[in-house]
Ligand SMILES: [Zn+2]
Ligand SMILES: [Zn+2]
C-alpha cells in the first residue's frame, strides 16, 4: 500500500513597522508590513535611527505632490527620504555600528550623468527618488542598501547630521552658482575673497536659513527677507552669523534704495511665482537669480525693458535642484564647522524630536508644519 505524504510549507516573513502613503491619494499610516514587501537596494543591512521630516513629505501626505508615485507593482510607498541608520552587520567596507545616510535620488541607469553618480543632472528624467517617487523610502525599521548610495556620518554629527540631506541640495546649488560665475573673468573681490559680494535670500524657512549659513561661511554679505519682522529664533541666526534682515511687507523699493542691487538672489520661498517679478529689478550686473523653492501658484512675466536689461547686464536665471553624494559630504563639513563658528545657531537647527512610538504625534507632524520649525526628527527606539 502506498501512502501519499503531503508537506505543507508556510512561508512567513518577519514584520516591520513602516510609515506608508498611497500617492496620489492623501493620507498616511503607521503599520506593520512584511519585510519582503519593501524595496531594498543592496547588501548593507541598516537599522533606522532617525528620519527627518520636510515639506516634501507633507505634500505627499496631503496628496499635493503630483510627481509622487508608487513603486512598480505595489499599492503603497514607504515614506521618508531623510534618514540616518546604523550598519547592523559588517559588509562591503562598512563595520557594524557605522552610521550612514542614504542618498535619496537614484539614477535612470541610462544617461551618462546618472552613470557617473550625478542624477541631479539626469538627461532622461527617468530617475527615481526614495520615499517620493518610484521606490520605497526609509521611514521603516530597516533596509538594505548599496554602498554607492551611502554616506558615512561621523558619530560627532549624530545630533544634527540628519540635516545633511536637505543641506546637500543647497551645497549643490552654491557649487552650481560659483561654477556659473566662472563665466565672469573676475568675480572675486580685491582681497581675493567673495566678501564684497551681496546675496539676497527670499524666505526665512529652513531652506533660507541653510542658504544663509552656507553663504556666510563662504564669505558673502547676506540679506534675508520675509514679509514680517524676524522671529526670536531667526534673530539668533541673524545676530550670530552677522546677517542683515529686511521686512518686505511693503515691497523691495526701500531695500534697493538703501543697499543697491545684489550679485545673487535666491528664491527660497516656495510661495507665489509673482515674487520673482518683484525681485528681478534687484538683480545687479552679471548677477544670478537662483530658483530653489517650488512655487505653488501665480505667474511672472518680463517685459522688453527687463529682457533688454538681462541681455545688457549678463543676468542668469537658474533652476537649482538636488544634491548628490559629494554634496552630502560637503554638507557634513559645514555642519561640523558650524558647531564652532555658529554654536547657538547650530543648536537651534533641530527644533525637536518625536518618538516613533508616539504614533499620534508622528502623524500630526507629518501632516502639518509647526510654527518656527526648522527640522523635526523622528527617533526609532
Ligand atoms: Zn526633504
Ligand atoms: Zn539619467
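In case you wondered, yes, glycine gets a Cβ from its N, Cα and C as well.
Under the heading substrate binding site, TrEMBL lists 56, 104, 129, 165, 169, 322. Taken from TrEMBL, the feature NADP(+) binding site applies to 204, 205, 206, 207, 226, 227, 228, 292, 293, 294, 320, 321, 322, 369. According to TrEMBL, the feature domain 'Alcohol dehydrogenase-like N-terminal' maps to 42-155. According to TrEMBL, the feature domain 'Glucose dehydrogenase C-terminal' maps to 159-364.
Geometry remark: residue 204 (NADP(+) binding site) versus residue 165 (substrate binding site), CA distance 18 Å.
Calculated from their C-alpha atoms, the gap between residue 293 (NADP(+) binding site) and residue 56 (substrate binding site) amounts to 11 Å. Checking the binding-site residues 56, 104, 169, 206 against ligand 1, the ones whose Cβ sits under 6 Å from it are 56. Each residue of the domain 'Alcohol dehydrogenase-like N-terminal' (42-155) gets a DSSP state, and the totals for helix, strand and coil are 18 helix, 41 strand, 55 coil. Comparing C-alpha positions, residue 169 (substrate binding site) sits nearest to 320 among the binding-site residues 206, 226, 228, 320.
Here the binding-site residues are 129, 169, and the one with the most other Cβ atoms within 10 Å of its Cβ is 169. According to DSSP, residue 204 (NADP(+) binding site) is assigned to coil rather than to any helix or strand. One way to see the shell of the substrate site is to take the Cβ centroid of 56, 104, 129, 165, 169, 322; the remaining same-chain residues with a Cβ within 8 Å of it are 81, 82, 105, 132, 166, 168, 323.
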